[in-house]
Amino acid sequence: MKNEKAVVVFSGGQDSTTCLFWALKTFKEVEAVTFNYNQRHKLEIEVAASIAKDLGIKHTVLDMSLLNQLAPNALTRSDIQIKHKEGELPSTFVDGRNLLFLSFAAVLAKQSGARHLVTGVCETDFSGYPDCRDVFIKSLNVTLNLAMDYQFVIHTPLMWLNKAETWKLADELGAFEFVRNRTLTCYNGIIADGCGECPACILRKRGLEQYLAEKERGNA
Ligand code: ZN
């Protein structure tokens with residue numbers, strides 16, 4: 001795949017930034033696409049743009065503000081509290097978000113002559129979004145190919161990794177410090193290690209500590 005081109009669905013967070021580094025190692029040419037859906041933190045778009053700029057990657061921001069109109073939720077409306085109960089979808093859930101994002105990314109990819117799409121979706125993730133599951137991605141891949149008569153390949157390098165393994169992958173790609181210091185995962189809009197208290201920070205921190213402990217023991 002070294003002589004081919006890929007488009008990475010990129011939010012500026014830990015997962016998609018790790019995917020970006022994976023894509024840079026895997027493909028000859030890489031572009032990034034970020035979706036603007038009136039996220040609670042506009043900073044997310046700025047972080048994504050600044051990472052793409054520093055890595056010398058073409059970056060497209062697509063306006064998806066209709067998502068806010070369709071599915072008001074905790075990420076887009078400041079009056080809804082972010083909460084998460086075990087076994088339930090968190091209040092940050094937007095129905096069909098990945099379906100929409102990947103479909104738009106595919107249109108963009110075809111226009112720019114790329115047939116590879118890279119997304120950081122993960123089935124191991126506790127959240128349980130149905131459109132992050134492997135079976136959905138495979139199904140969408142077939143659908144996109146039929147819809148546009150084009151041989152897309154959707155890559156999901158994180159699909160079966162837990163958070164600790166995602167940190168390990170970033171480290172193997174030589175991007176551990178970059179991912180740790182430059183990405184934004186925190187729901188409260190704090191870069192790098194974040195606020196430490198929101199669900200996203202807790203998940204990220206738990207994975208980081210687990211990875212560092214394993215590395216310390218020489219198992220990683
Ligand atoms: Zn946080």
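Just so you know, glycine gets a Cβ as well, placed from its N, Cα and C.
Given the structure is predicted, the values throughout are model-derived calculations rather than measurements.
Over in TrEMBL, the protein carries these features:
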BINDING   Phe10, Ser11, Gly12, Gly13, Gln14, Asp15, Ser16, Thr17, Thr18, Cys19, Leu20  ATP binding site
BINDING   Cys186, Cys195, Cys198, Cys201  Zn(2+) binding site
Euclidean distance between Cα atoms of Cys186 (Zn(2+) binding site) and Gly12 (ATP binding site), Å: 11
Other CB atoms, at most 10 A from the CB of Thr18 (ATP binding site): 27
Sparsest-packed of the listed binding-site residues (Leu20, Cys195, Cys201) - C-beta count within 10 angstroms: Cys195
Rounded distance in angstrom between the Cα atoms of Cys201 (Zn(2+) binding site) and Gln14 (ATP binding site): 11
Cβ packing number for Phe10 (ATP binding site), 10 Å threshold: 30
Other residues, Cβ within 8 Å of Phe10, Ser11, Gly12, Gly13, Gln14, Asp15, Ser16, Thr17, Thr18, Cys19, Leu20 Cβ centroid (ATP site): Val8, Gly120, Val179, Thr183
Additional residues surrounding Zn(2+), by Cβ distance to the Cys186, Cys195, Cys198, Cys201 centre under 8 Å: Thr185, Tyr187, Asn188, Ile190, Gly194, Gly196, Glu197, Pro199, Ala200, Ile202
Residue, out of the binding-site residues Cys186, Cys198, whose Cβ gathers the largest set of other Cβ atoms within 10 Å: Cys186
Between Thr18 (ATP binding site) and Cys186 (Zn(2+) binding site), the C-alpha gap once rounded to whole angstrom: 16
